[in-house]
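Data first, discussion second: the structure below is written as structure tokens.
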Amino acid sequence: MSMRVLSMAQFVEIFFAYSVVTLLIPGLLLKEKLKELSFAERLTGYFLAGNFYCINLVFLLEFLHISCRVTLIFGTALPFLIRGYKKCSEVSFGRERFQKFLLGFKALLSGTYGVKTLLADITAWISDKIPEVKIKKIWKHIPELILCLAVVAGILYVYGLNNFTEYGYKESDMPVHNYWINLMDKNQIFKMGVYPHGFHCMIYYLHVVFGIKTYVLLRLFSLVQVLFIHLAIVGCLRMICKARFTPYIAAGLYLMANIFGKNTYSRYASALPQEYGMLFILPVVCFAVRFLDEYAAHLKETDEEKKQKKKRRSRWYLAGLAISFSLSLTTHFYDTMIAGYLCLGIAAGYFFRIFRWRYLRQVVLAGFVSILLAVIPMGIGVAMGNPLQGSLGWGLNVIKGKSTSDSSANAEVDKKVVTTESGKKITIVGDVDEETIEEIKKQVEKQADAASQDSASGQDSSDSGKASGVQQKSKTSEVMKLTTKEKVKGKFRIIFSEIQTYVTNENPFFAWCVIGGGAVLLVFGFFAFLLRRVDYGAMLLAMAVYTFIMCIMQSAGALGFPKLMDASRNSIFFAYTIVVIWALAADAAVYLLFGWFRRTWMMNLSSLLILVAAGCGIAEKGLVKEPVYVKALETNSAITCLTNIMNEEQDFTWTIVSANDELRMVEEDGYHYEILDFLKNIKKGEKAKTFTISTNAVYFFIEKIPVNYAGTADGMELGGISEKYAREPLPAENGIKAYEGRERWVTMSHMYYWGQKFMELYPNEMEVYYESDDFVCYRLKQNGNSLYNFAIDYGYNNPKVTTDRNAAKEKQEAK
């Protein structure tokens, strides 16, 4: 089986494993509890419950130091055991079921109950469970099912090709996350510092319960992540949109339209905590909206039965809000910040309702519980003696307002002094473009000229003096008004420029669409209030306010405000949520125009036409997104070799000598020795002249064309490995620095010529295990009782001596 096909099969396995624990199992448990909610609400509730339970189960078992496959499976099955115990508490119920099963099994063994009859009975049972009414409902939703499949197909095209053709890690911090998950295998969570471990808990759970190797999960879970991120757009918008097909406008634009900068979606190529946490952002706003609307309906309802039903639903919505917000904080601090901005928007949009005590006490309690649920595991980690991990410490300082290093630096950088033609100095604060600065200069000059003209008029009478003073005051006021206007225009230009640069791929039209989206929602929101559609109007106003908040946060540094998030990182969330704004704008237009029809077919048809028109427009303008390509930080050959070795060799009977890329990948199955340490140990002149590795097999991973690690060799024409690089001394620094830029070429060249020399000395024992154009893997099989000495002279042990010797040789030949 080729590596590409294997990667596809592994992706399917991971997708089904994650779907089982986050959708199927919670669905079986909560189906009856959530039957009063809509399909999209139930599905989102199952998803949140599954993630929440698995993550916190891992936390609990890790703190008790008993986390393993047996305890995790038992913990997963425990809710079913409790439920089964309650159902079978009646002896007669359990006895009847057991007797019926025994009779059926006996008849099947004796032949009186044939296989065909069994299949017919199973078919009849399924037919009873899925009545004709449900089949009609499924048939009714066929268009949406087709659109969902189209979204899945688009994701596999845009993001899947890169996963199936580039096998290695694509972000430099992924080995760190791999290491943290490996520590959880030893029940040592938070050993490297207290950090939101929600993502790590889920990867660890899938690794242990389903037996999928951690490095495989980190390679391919990104595709599962991005699949659920797009489906979350559809599911959450389906909860709050009025038209059936407007949610697919958002998903389609975000997936297939090439209108956002690559920086807004390139991280989807890697399985990272921030991107995993994005799954829980939209449920925050959707469940908050549904709670505020449903609880208001509960208070107005007069029928007692309906009143209680609405109250139950509002409680489920509140629980969904608390769990989703808690999961965002459990996973990544940045996700919580965006969820917080959404909550600010909700507070502004529902200002007439949320500050009433009946609503406020429930929302505050839900917020307190959600934060408490996320903070408790981290608090326990600190109580166990673990320090805060660096990035979490920064996040807490931001909350406390102590993270002033960035803001103070910005204040120093963004202040500039300019001089007018008349020699007057003006201090400009913030990132102001040259056009605005020139306008400010002109206004200051006008003000100075007006003042000088008034002072030169020379009027002696008091009345005329008073009149002149009034005139001067009015002129100055007018100039000040113009100055304020220009300042506002300047700030707007800054915001527009930042959005255009970081979000919309330098496209001014779509930058206007971003700002215009918020403005359109604001107008439609007020219009909905006029039409007495208060709940819908409040939701539109909330999302409009959120849009303006994000515009300011996107430009915070340029505006001279403290930056809570880097502009490039903020743009990821802005692009993800701006498509929601556009979809809501389309939904509002359709709903406010055709919502007064008794039947909804006009509204649904209009939304479908908008979806088709958007797709045709994107195709016509050539804005269809190409498949995302992010170069891996290691060769495909290295991952292929690693996979083959793990399948062929017994655990801990082999060692890989390579750069530190594979260090964390092999920890659970074998040993790893870093190339730089290996080369330094065999360096000529070392005190220990014998150097061995005590495993039966030793594999040497050598890049013939070294990887340009994280772009550190950009602009360098280095070619492949050569004797020129082998003549240079080994890198003095350890760690990743030895494998960046030119240093990687030097390290790999030394290793290659050592391998050539060792194979020359031991041709029967040293063999080429795998080779491609850019990579070669040597394998040495040895007897554990008679180990080979790797400390040989390969010609470049001491580059300085070698260089002097070669120079002398060349000089002699020249004579």
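The backbone N, Cα and C atoms fix where each Cβ goes, glycine too.
The compositional bias 'Low complexity' feature in TrEMBL is assigned to 449-469.
Annotated region 'Disordered' per TrEMBL: 448-478, in sequence order.
Listed as Cβ neighbours of the transmembrane segment (12-30) (distance under 8 Å, sequence separation of 6 or more from its ends, same chain) are residues 42-43, 45-47, 49-51, 53-54, 76, 79-80, 83, 202, 205-206, 209-210, 212, 216-217, 220-221, 223-224, 227-228. For 12-30 (among others), the entry in TrEMBL reads transmembrane segment.
For 50-82 (among others), the entry in TrEMBL reads transmembrane segment.
Taken from TrEMBL, the feature transmembrane segment applies to 103-126 (among others).
Outside the transmembrane segment (138-160) by six or more residues, the chain places 11, 222-223, 226-227, 230-231, 234, 244-245, 248, 251-252, 255-256, 268-269, 608, 625-628 with a CB less than 8 A from a CB of the stretch. Taken from TrEMBL, the feature transmembrane segment applies to 138-160 (among others).
The transmembrane segment annotation in TrEMBL covers 194-212 (among others). A Cβ distance under 8 Å defines the sequence-distant neighbours of the transmembrane segment (194-212), meaning residues of its chain 6+ beyond its ends; these are 10, 13-14, 17-18, 21, 51, 54-55, 57-59, 67-69, 72-73, 76, 177, 180-181, 184-185, 218, 221, 271-273, 276-277, 327, 329-333, 374, 377-378, 381-382, 386-389, 391-392.
Summarising the annotation, TrEMBL assigns transmembrane segment to 218-238 (among others).
Feature annotation from TrEMBL assigns transmembrane segment to 245-261 (among others). Here the transmembrane segment (245-261) has long-range neighbours at 143-144, 147, 151, 154-155, 158, 230-231, 233-238, 502-507, 510, 571, 575-576, 579-580, 582-584, 586-587, 590, 604, 607-608, 610-611, 614-615, 618, 623-626, meaning same-chain residues at least 6 beyond its ends whose C-beta is under 8 angstroms from one of its own.
What TrEMBL lists as transmembrane segment is 276-293 (among others).
Residues 33-34, 36-37, 41, 44-45, 48-49, 51-52, 55, 196-199, 273-274, 276-277, 279-281, 283-284, 287-288, 290-291, 294-295, 298, 338-339, 343, 362-363, 366-367, 369-371, 373-375, 377 of the same chain, all 6+ positions outside the transmembrane segment (314-332), place their C-beta atoms under 8 angstroms from a C-beta of that stretch. Among the features that TrEMBL reports, transmembrane segment is placed at 314-332 (among others).
Sequence annotations record features per position, and here TrEMBL assigns transmembrane segment to 338-356 (among others). Long-range contacts of the transmembrane segment (338-356) within the same chain: residues 280-281, 284-285, 288-289, 292, 296, 324-325, 328, 363, 367, 525, 538-546, 549-550, 553, 573, 577, each at least 6 residues beyond the stretch ends and with a Cβ under 8 Å from a Cβ of the stretch.
Within its own chain, the transmembrane segment (538-561) is flanked in space by residues 240, 285, 289, 292-293, 341-342, 344-350, 352-353, 406-407, 410-411, 414, 429-431, 491, 494-495, 497-499, 502-503, 514-515, 517-519, 521-522, 524-526, 528, 567, 570-571, 573-574, 577-578, 580-581, 584, 588, which lie at least six positions past its ends and keep a Cβ under 8 Å from the stretch. If you look up TrEMBL, you'll see 538-561 (among others) marked as transmembrane segment.
Per TrEMBL, the feature transmembrane segment maps to 573-597 (among others).
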